[in-house]
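Here's the structure we're looking at; comments come further down.
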């Protein structure tokens, strides 16, 4: 049975596509083509960027200097020149002429030519300025100064060999020896010695003990280390002169610091900047005598005299005289005694004390030799005599009064 639809209107079925048939342009060549195009475009882009960078970093005048740059040509073209050959003229015919004598040569006086400007001589290079060293800046020292320095050094060595430094032990033995010659002197111990900070208290304490002994009262001050109590009382009763040796150093400013410095120098076995001073308290003559072989090592003599005068007024109240006589003050040294020596101060103090014991109104310091070596030679004789005399004395013991 036939269908009601027309057969001609029917569409023919599409046959299935065969995948095995080749395609005109495959996918792989197409990708390769795209890669080549991309590479070419990238290369062109890089060239453009490079040229742009060159234009940025170089001006136009710099670009013209490159060999590959075209040179500019003038706008007007040169007109070509047409050369027309011109025939050379023939030489003229030679016509003989009568010979004429040459004109006479008239010599004219030569005018002096203007002098050429002289060229200045070439300037010579300036010599470099000499560089002054530190030695050139120092003033020249005359030869005589070196001679005097050498003589001074030799003089000092000679003096140091003549008079050695005296310590507290030798000074105490010397005081014991003086007591045998002058019983009115009390050999005060020098260990520890008095200082600039406590010598006044020490003198007042001894005078207070002397008054107590004269009244028959017990003494209140400290007893000496190397003397018995009874022997010390007998010394106080008979004494009329107190030799107070002071140890001084310029560095410490208090008593405790002075004692510490003294201890340190004793351990080192060095005198350093230490110095011996002497204060004589003459009870019978009511006199304070101050001796400094360096004259003003502690303080100016005027200041020391004022200080001792104030102390003398204090002694008038502590130990008054029966006739109301006041203590006077005397500064013995008028100049530097130990010139050329730094360690003979102890020996000079003992020498002055010996002169004072022989004559309280002595002017022996005014009769000293001017030459420092001769002066210390005389002192060396005194030192040798004292050292020989103290050899028979007991070690660190007070003589019996």
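Residue 1 is the first one shown; counting continues down the chain.
Using the three backbone atoms N, Cα and C, a Cβ is placed for every residue, glycine included.
Noted in Swiss-Prot for the protein shown:
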ACT_SITE  275  active site
ACT_SITE  292  active site
ACT_SITE  345  active site
COMPBIAS  1-11  compositional bias 'Polar residues'
COMPBIAS  86-128  compositional bias 'Pro residues'
REGION    1-24  region 'Disordered'
REGION    77-130  region 'Disordered'
TRANSMEM  40-60  transmembrane segment
Counting only residues 6+ away in sequence within the same chain, which have a CB under 8 Å from the CB of residue 275 (active site)? 247, 248, 249, 292, 294, 297, 298, 345
In this structure, the one of the active-site residues 292, 345 whose CB has the fewest other CB atoms within 10 Å is 345
Secondary structure at residue 275 (active site), reduced by DSSP to three states: strand
